[in-house]
Amino acid sequence: MNAVPIILVFAAGLNSCIGNILLKWGRASLPPSAGLADTFLTPGFVGGVVFYGINVLLFAKALDSLEVSVAYPILAGSGFAMLIIASHYFFGEPFHLHKWIGVALVLVGIIFLARGG
């Protein structure tokens, strides 16, 4: 099997993770009283949308040669695993044993999907 589509899916997952981090950062930079419309003007929101767009483009290209039933779980799982780690690093969100186990199980599932697809 060609590794390029799988790499594209992981790159899409990374862009999804970055987009989520930027959205959280953009919203966190506003006062609690800020409305939803204020969010649209933050660099974090704009950056998040850009990275989501890149995510969609990379994923669409990967779908040229991967089954969506294989590609999407890899995208979602890899993005989830990266986001758990990034949110701990950037925002100090807790990363307890249960999250480690969850990330490990997701990664094992991704390996099974990637090899079986």
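Residue numbers in this text run from 1 along the chain shown.
Each Cβ is built from the backbone N, Cα and C atoms, and glycine gets one as well.
Marked as transmembrane segment by Swiss-Prot on the basis of sequence analysis: 3-23, 40-60, 66-86, 94-114.
Within the same chain, residues 5-6, 9-10, 12-14, 16-18, 20-21, 59, 95, 99, 102-103, 106-107, 109-110, 113-114, 116-117 sit at least 6 positions outside the transmembrane segment (66-86) and bring their C-beta atoms closer than 8 Å to a C-beta of that stretch. The stretches the transmembrane segment (40-60) and the transmembrane segment (94-114) do not meet in space: the count of Cβ pairs below 8 angstroms, excluding pairs fewer than 6 apart in sequence, stays at fewer than three. Sequence-remote contacts of a segment are chain residues at least 6 beyond its ends whose Cβ falls under 8 Å from one of its Cβ atoms, and for the transmembrane segment (94-114) they are 6, 70, 73-74, 77-78, 80-81, 84-85, 88.
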